[in-house]
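Student: Please find one structure pasted underneath; my questions will follow.
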Amino acid sequence: MTDRTCLSIVLAAGEGTRMKSNLPKVLHRVAGLPLVCHVVNAVRGTGKSDVALVVGRGAEDVRSAVEKIAGPVSAFEQKERLGTAHAVLAAREAIARGYDDLLIVFGDTPLIEAQSLLAARERLAQGADLVVIGFRPASPHGYGRLIEEGGQLVAIIEEKEATDEQKKIGFCNGGLMALRGQHALALLDAVGNDNAKGEYYLTDIVAIAHGKGLNVTAIEVPVDNVIGINNRAELAEAETIWQNRKRRELMLSGVTLIAPETVFFSYDTVIEPDVVIEPNVFFGPSVHVASGALIHSFSHLEGAQVGEKAEIGPFARLRPGADLAEKSKVGNFCEVKNAKVGKGAKINHLTYIGDAVIGASSNIGAGTITCNYDGYNKFKTIIGDNAFIGSNSSLVAPVEIGDNAYIASGSVITADVPADALALGRARQETKEGRAKILREKYAAIKAAKSVSK
């Protein structure tokens, strides 16, 4: 982290036509979070930084998405598409406020890491005036080359303009930059548009800064940090890279993933050490799994809190508001939504628990349903400690079942049940001996008569 003031300009005005989508490109998601929000999280990870969004199509939606994670930000519309330097200058008002550092990043590079941006800012703190983030791809073909002389970056040369000798250079332009705030407007205003497209290219400020005798340098970051997203195939590739990073991070922190490539996490998933996750598990946003928990295969968790040594699945679904205490269990083909499950409570199979509180050590039998919705409103079911809910019971909310109560299997419970009570809510069984034989003979005769008449 650094204490220097910083303005991060996030370029998010691209049309994204290759995405073939009505959704602005930067709002497509990796690990459940919009691309642009990944970028904003990275710049915030470098220390104190104000954010200026340069937006185009879907401006309000883009701004709203960013403000959900970062609070109020400035947004500036790029009304004409006249190049990257022109896009940066759309935020002239913010730049003019005066900052120690200026970060220029792209809203479609979700894999940029805070440590890479921090390295660029640290170079500014050490005396650099302009820092370009570069990378070394397996093949540099098609990328702009970073031209260095005597430890200084002197120019960025595009592939089509490079000499044969320059094309041999493997150090390429990643597009992201950091520059000293006091020079920002002078450098940007000096960029011209004397080129075939008549556009203002941000890359030109390198040669301009070098010509002014400023300290211009480049740093190298991993290739995946500067991957831009232009189509759905690249979006999927970015998802794969992000997931692999997260899987490795968790395994190195003490989480067991039996088949890592089959487990998918969200941007904010928290898994504590000594959790074991079996194959084919999906984590949606806002999930926290405490130490020692076991997540069986084919489980889906979203907005859930899982306590220490709890057990989930297989084939379990935890929806937002599911809060499972220590050593509780939600087994196969169970769904839990907006419910607190007490310590040691068991919901073993084929059950729906919604808008409920289940006490410690209670047992919920197979096929139990909390009937929480009347078509208009949701109602709550409260089950005390050590209660036993027999299989195939329907608990019609609002209803409260006391501690140590016993609900007989197959019951429909519509009224509160006191502590230590036994409740039966079903018709009494009648057994008519010999009636089955009579019915079989009757139905056989009817069937035979139909066959003769054909």
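Backbone N, Cα and C define each Cβ position, glycine as well.
Pulled these features from Swiss-Prot for this protein:
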- 1-232: region 'Pyrophosphorylase' (REGION)
- 11-14, K25, Q78, 83-84, G144, E158, N173, N230, R319, K337, Y352, N363: UDP-N-acetyl-alpha-D-glucosamine binding site (BINDING)
- D108, N230: Mg(2+) binding site (BINDING)
- 233-253: region 'Linker' (REGION)
- 254-454: region 'N-acetyltransferase' (REGION)
- H349: active site, proton acceptor (ACT_SITE)
- A366, N372, Y373, S391, S409, R426: acetyl-CoA binding site (BINDING)
Student: The record names A366, N372, Y373, S391, S409, R426 as the residues that bind acetyl-CoA; what is their largest Cα to Cα distance in Å?
Tutor: 22
Student: Least buried of the recorded positions K25, H349, R426, going by other Cβ atoms within 10 Å?
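Tutor: Taking K25, H349, R426 as the recorded positions, the minimal 10 Å Cβ count falls on R426.
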Student: In whole Å, how far is the residue listed as 'active site, proton acceptor' from S391 (acetyl-CoA binding site) when you measure between their Cα atoms?
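Tutor: Given the Cα positions, S391 (acetyl-CoA binding site) is 10 Å from the residue listed as 'active site, proton acceptor'.
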Student: Quick check for the class: what is the C-alpha distance, in angstrom and rounded, between R319 (UDP-N-acetyl-alpha-D-glucosamine binding site) and N372 (acetyl-CoA binding site)?
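Tutor: That separation, Cα to Cα, works out to 15 Å.
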Student: Across the whole of the region 'Pyrophosphorylase' (1-232), what does the mean pLDDT come to? Round it, please.
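Tutor: Mean per-residue confidence for the region 'Pyrophosphorylase' (1-232): 94 out of 100.
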Student: Out of these binding-site residues, L11, A13, A366, which one has the fewest other C-beta atoms within 10 Å of its own C-beta?
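Tutor: Counting other Cβ atoms within 10 Å of each of the binding-site residues L11, A13, A366 gives the minimum at A366.
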Student: Using DSSP and three states only, what is G83 (UDP-N-acetyl-alpha-D-glucosamine binding site)?
Tutor: coil
Student: Helix, strand or coil by DSSP: which one applies to R319 (UDP-N-acetyl-alpha-D-glucosamine binding site)?
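Tutor: Its secondary structure by DSSP: coil.
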Student: So what sits near N173 (UDP-N-acetyl-alpha-D-glucosamine binding site) in its own chain, CB-to-CB under 8 Å and at least six residues off in sequence?
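Tutor: The answer is V132, G134, Y143, G144, R145, L146, I156, T203.
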Student: Out of Y352, Y373, which of the binding-site residues has the smallest number of neighbouring Cβ atoms within 10 Å?
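Tutor: Among the binding-site residues Y352, Y373, the sparsest Cβ neighbourhood within 10 Å belongs to Y373.
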Student: Taking helix as H, G and I and strand as E and B in DSSP, count the residues of the region 'Linker' (233-253) in helix, strand and coil.
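Tutor: Split into helix, strand and coil, the region 'Linker' (233-253) gives 20 helix, 0 strand, 1 coil.
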